[in-house]
Amino acid sequence: MSLTADQTSMGLEIAPNEGGDPAELPGNSDGSQSETEDSEFGDIFVADEPSKTEQDGDPHEVKQLSAGEDPEHAGKWEPDDTECVLNEDEEGMVRHRKPPAAKSNGAAGDGSEKGSEDGYIQQGRRTARSQQMSWGQILRICATIFLVMSGGVGYVKYQELLRSRVNTPLDAPKVVEEGATGATLSPNRFWGTYRPNVYFGMKTRSPRSLVTGMMWMVQYSRAVPRIARPEVRHTCEQGDGLPRYGWLQHDGVNFGLQEIIDKNFSMVTEFVKRPGGDHGGDWTWRITASPRKSKSISVPTVSFLFYAATDGQGTIQPVIENNRLVAITGQTEELGKFRMSFPKVTRKNITYHHLVSYSPRLDLLKSSVEHGMRRLLFNKTRILYGLAGDLIKRSNMPDLKANVLVHQVTLEVPCVLEVVFESESFTSRNTRLVGMELTRELEKYKVAFDEKFENTFGLNRRGYTEKNLRFAKAAVSNMVGGIGYFRGKSLVQSPYNEEPVEYWEAPLYTAVPSRSFFPRGFLWDEGFHQLLVSKWDTAISKEILSHWLDLVNTEGWIPREQILGSEARSKVPAEFVVQKNQNANPPTLFLPIQSLMKDLAGNRSEQDILLLKRMFPRLKTWYNWFNTSQLGNEQSSYRWRGRDPGANKNQQLNPLTLTSGLDDYPRASHPSDNERHVDLRCWMALASGVMADIAKVIGEPGEEYEATHKLLTDNALLEKLHWSPEKQLFSDYGKHTKGVVLEREKVPLPPPPKPGMRRQPVPKGKMYRVLKGEQPKDQFVNSFGYVSLFPFLLQIVDPKSPKLGKILTDLKNPQLLWTKYGLRSLAKTDPLYMKYNTEHDPPYWRGQIWINMNFLAVRALHHYSSIKGPYQSQAADTYKELRRNLIHNLYVEYERSGFIWENYSDVNGHGKGCHPFTGWSSLIVLIMAEKY
């Protein structure tokens, strides 16, 4: 039988010969195949026929017919007494020989009757023995078929198991208990501004929530031709070019105040919630719009569009009076019955329109609204765009149910509008949350926010100005105001899946890096986010961490980018949607867990212990996944997976390491299995220490984590693996050369133009990476930047080590990382400093100033400045100067540009990348408060 490699691995082994050598697969010595029977499981070996050599040679000669001999056997080959039998103890059909028996005097051919009888007896025995051997072979073949069929089925099932592991949840109790986010168990956080992708909107923490929101457009704008429809604002877009927008106050639970400045008017959006009833209570919005102060800007006429939409569950109905949508009523599973009202505004020159329509997906809401607009003549002189009314009634689909209802009010600014949501189960309200009652509630929450902010961060008593405080409050408010609630299925893939498959449907309560550009969850960003959120509201932070840990699959993997639901997916290019389970992301969730444990050390409740116990199995599985999937070849080394040796057909100058979070930071020029990544090793040192601390608190065995932490923080071993003696810095190691550049390919010039014809444009070839100079070899990469600092950033370097002194000295070198705006990501002396990685990919982590890494640097400097040692004062001086530079630049840029940015220029400190970026850049508040 021919065995595949997979079948051999499943236990169908080739038995050895008597001498111990492996038995040959069935076949003749000349290479020809033995006689076989066909089978769907492969070639099943039956038996060998004698070869021609064996037939011709003695003692198997052709016998002559003798007296008394059966003529049937004349001229046929007969075996001698050397038997060919099957070894009954072996699984495979392996031939063994028995030694020949001594011949009797009455052997055939001696001419005697006795001999003749003996010959017949022996022939009969041989015939019987031949029959017995045939039955044995048949049984053996049947057994082999059975084993192969069983093995085949097992193999198929094993492959199915491997394919299914990527989207199989971890078999452990969920950290977020069933119903924990609903109105019954969590009424205060049931409703919220959990749609960070829109300028203003709210939803519930439900599987299929009712969504509410606001759009707007400026009518009669001079910038818009009369025949063109005005631009509708809805989702946060950098392309909208708004001078400023963002939360100025937001407590994460009950209240928020946001400022939005458009090109010719500004508005303040406020909301406040009132608890009551069984379904999350009531809330009210107030929108206060004002013209911008400018002689060149006329008073704008603005259409505000307030909507409610269902997401596949529940019903909504319009309440129309005098052709005006005065309210929306409806019912959903978790909200029960509700009413959303639009109080009438008493003033001149105001018009109302509405829309009753259907949208197939939430990300198509704006398109559905635009499709429902029509051109109207206003005051006989102007064209106004208004909603077209009930499109469902006018459709040819009587069974279609409306799932989008929109109220449009058009008027000149200034104006004040209110939208009121009331739960039918809230029967004990004394007054409606409108007018002066709304004003009183808003003022109460504004005062409470300011008091909590000062009690938490103490910036006022540190001497910061009112403008400094406004900046810091905006940073915190945009972080907590940007928290979203998502639900959906990620697209994932493992090496065992030819095509992407869906993760299980899961909820995620998380902060987002940027409302305009990254309005979804990112694993490594979230660890930094929660350092700030945990200081502001520990309950919110605990719940967010719990949601992330519930995404661990049975392998221990968490997809690094969470693209859940149609709204989130609409913002992501197709090539980045699928998450692959070989790829990690820095385990930054250990940072806020470590911080929370320190903050609660003296006041740890039973609920805190219970939470850690529920988290621990998931953290353990996640931690073990790193220690199996991301190990390097050298003992105690680690390597990020996901680097592409081909790197888009050699179009990348240095193949990306997206999994590290530091996308284009220089690594080994030629990805290989021999790479050692110092940043990942340091992350695992942090994780080991936190796991040991948790185990100690909850009474679980922690010796394994303590031993690993001791190993990974051993400075001698760290230096052996990652200290470059040549450049005197911590470094990655791998197959590397600095002799790579991007060069444009040469393409043939077009032929000369014919007389009277234009010259054809000269074609532009693509840029490719070429090797010029030294060949790649295994060596230290020797790029000085954020990665080199990791043993310092995560406080692994011994305070007395000369290596710390070298790092502190290099930090202050302006030719390396030091600027008056913060620490740049890559030294100016590096060959890849500010170099494009492809023709179209500008530098990202090759010189820009990133606040998350600067926060770790400030934190580390604060740590080393508080420990006695030869470099204590040097660390203290550097700490003060770096902290001052960062605070000054981020505040100045916020005032100049109106935003907090993704990263900052190392040349002039100006904001770069996307905006607003109030994810980890908001850590500037912790730097201001010196809360590390």
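Cβ coordinates are placed from backbone N, Cα and C, and glycine is handled just like the others.
As the structure is a computational prediction, the values presented were derived from the model and not from experiment.
Taken from TrEMBL, the feature region 'Disordered' applies to 1-121, 637-673. Marked as compositional bias 'Polar residues' by TrEMBL: 1-10, 648-660. The feature compositional bias 'Basic and acidic residues' is assigned by TrEMBL to 49-63, 70-79, 664-673. Positions annotated as domain 'Glycosyl hydrolase family 63 C-terminal' by TrEMBL: 435-930.
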Go through the chain and flag residues at least 6 beyond the ends of the compositional bias 'Basic and acidic residues' (664-673) whose CB is under 8 A from any CB in it; none is fine as an answer. 633, 639, 643-645, 647, 654-657, 732-738, 740, 776, 781, 783, 785-787, 825-826, 830, 832, 837, 841, 843-846
Of the residues in the compositional bias 'Basic and acidic residues' (664-673), how many are helix, strand and coil by DSSP? 0 helix, 0 strand, 10 coil
With DSSP as the reference, give the number of residues of the compositional bias 'Polar residues' (648-660) in helix, strand and coil. 6 helix, 0 strand, 7 coil
Average model confidence [pLDDT] within the domain 'Glycosyl hydrolase family 63 C-terminal' (435-930): 96
